[in-house]
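The following features are taken from Swiss-Prot:
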{"type": "MOD_RES", "residues": "THR10", "note": "phosphothreonine"}
{"type": "MOD_RES", "residues": "THR16", "note": "phosphothreonine"}
{"type": "MOD_RES", "residues": "THR39", "note": "phosphothreonine"}
{"type": "REGION", "residues": "55-90", "note": "region 'Disordered'"}
{"type": "COMPBIAS", "residues": "55-65", "note": "compositional bias 'Polar residues'"}
{"type": "MOD_RES", "residues": "SER69", "note": "phosphoserine"}
{"type": "MOD_RES", "residues": "THR91", "note": "phosphothreonine"}
{"type": "REGION", "residues": "145-208", "note": "region 'Disordered'"}
{"type": "MOD_RES", "residues": "THR150", "note": "phosphothreonine"}
{"type": "MOD_RES", "residues": "THR165", "note": "phosphothreonine"}
{"type": "MOD_RES", "residues": "SER188", "note": "phosphoserine"}
{"type": "REGION", "residues": "216-279", "note": "region 'Multimerization'"}
{"type": "COILED", "residues": "218-245", "note": "coiled coil"}
{"type": "MOD_RES", "residues": "THR250", "note": "phosphothreonine"}
{"type": "MOD_RES", "residues": "SER257", "note": "phosphoserine"}
{"type": "MOD_RES", "residues": "THR258", "note": "phosphothreonine"}
{"type": "MOD_RES", "residues": "THR282", "note": "phosphothreonine"}
{"type": "MOD_RES", "residues": "SER292", "note": "phosphoserine"}
{"type": "MOD_RES", "residues": "SER294", "note": "phosphoserine"}
{"type": "MOD_RES", "residues": "THR298", "note": "phosphothreonine"}
{"type": "MOD_RES", "residues": "SER301", "note": "phosphoserine"}
{"type": "REGION", "residues": "343-391", "note": "region 'Interaction with the nucleoprotein'"}
{"type": "MOD_RES", "residues": "SER374", "note": "phosphoserine"}
{"type": "MOD_RES", "residues": "THR375", "note": "phosphothreonine"}
Amino acid sequence: MDQFIKQDETGDLIETGMNVANHFLSAPIQGTNSLSKATIIPGVAPVLIGNPEQKNIQYPTTSHQGSKSKGRGSGARPIIVSSSEGGTGGTQVPEPLFAQTGQGGIVTTVYQDPTIQPTGSYRSVELAKIGKERMINRFVEKPRTSTPVTEFKRGGPGAAAQGQTIQEEGIDGNGASAGSKERSGSLSGATPYAHLSLPQQDSTPANVGIAPQSAISANEIMDLLRGMDARLQHLEQKVDKVLAQGSMVTQIKNELSTVKTTLATIEGMMATVKIMDPGNPTGVPVDELRRSFSDHVTIVSGPGDVSFSSGEEPTLYLDELARPVPKPRPAKQPKPQPVKDLAGRKVMITKMITDCVANPQMKQVFEQRLAKASTEDALNDIKRDIIRSAI
């Protein structure tokens, strides 16, 4: 079934209903006996009996509605009924079709033109027309001129909760709101992060951006400041340690300069020694230099002083290779080896025979060998045999 009703069908239904209402409203009222007390709308009975009301009648329901009606009293718009009939003006005629509005118990009144005195039949027809127009206006929704303004609350609900707006019916007017107490939804005390909201089709579009991130709370800021203070103190301690090492670095530099000076002095002294003693020529082995310093025959030819050889024997001898050489030098006699004191060694070996040799026969043999030994090698052989026998 189609849920949408066309505007033409709606107009036909309203027209049929208004024709029925005009038929019953056009009939003259015979008296108060034709209406019971339960069927009369409050505020309309004096009009029906010929005593119109002079003031607006209000029926406050609760204290809350009464407070609202004070601030919204300007929302009840009177209706001016024009007529060609003459009479006494200034009479207020209440609207019987819409006597109660449902907001604060306000009775809507109809003000007549001051120069016109309405009659029963004319009043019924005019009120029926006005009721028809109001009923049509109720079925046809007018476009909104502005979006509903919601009260801004710091730390209110999130974006999902903000999207659900409760619209209350009321009169056209502004009133003071007592507000509501709710727990803050944000610990930082700022507006929570909200996504980009799409413009509504039935309202005036406006450029809306993304709300900024939530502000950092005071506790978080203090924690950050304390952390930065601790890091700064730690950094200051490190800087103090670095400055304390500065004196040591200066001392190391001075010692390094002293070492460089000493090294330069040593290099200068070595250069001086090289100048005084150039050393071996490059590429000449030491053996060849030593052979050049050995004795060899020197032949002197021509006139000269021969006194250096006059005292020597002028005889030449031939060596094993038949080479003429002067008198051969006598062979070197080997130096006699100094006689070592063997008495101490013999005492030591005698003690070893007594302690290490258990066999009496072996002891006797070692003692005889020790008595005959006269050299160091013989004593070493005896000592070696004693150690082997003991093992």
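Backbone N, Cα and C atoms are what each Cβ position is placed from, and that goes for glycine too.
According to DSSP, the secondary structure content of the region 'Interaction with the nucleoprotein' (343-391) in residues is 42 helix, 0 strand, 7 coil. Of the candidate modified residues, THR10, THR250, SER374, THR375, the one lying closest to THR16 (phosphothreonine) when CA atoms are compared is THR10.
A separation of roughly 71 Å, to the nearest angstrom, links the Cα atoms of THR250 (phosphothreonine) and THR375 (phosphothreonine). Of the recorded residues, SER257 (phosphoserine) and SER374 (phosphoserine) place their C-alpha atoms 69 Å from one another. The most crowded of the modified residues listed here (THR10, THR16, SER374, THR375) is THR10, judged by how many other CB atoms sit within 10 Å of its own CB. There are 9 other Cβ atoms within 10 Å of the Cβ belonging to THR258 (phosphothreonine).
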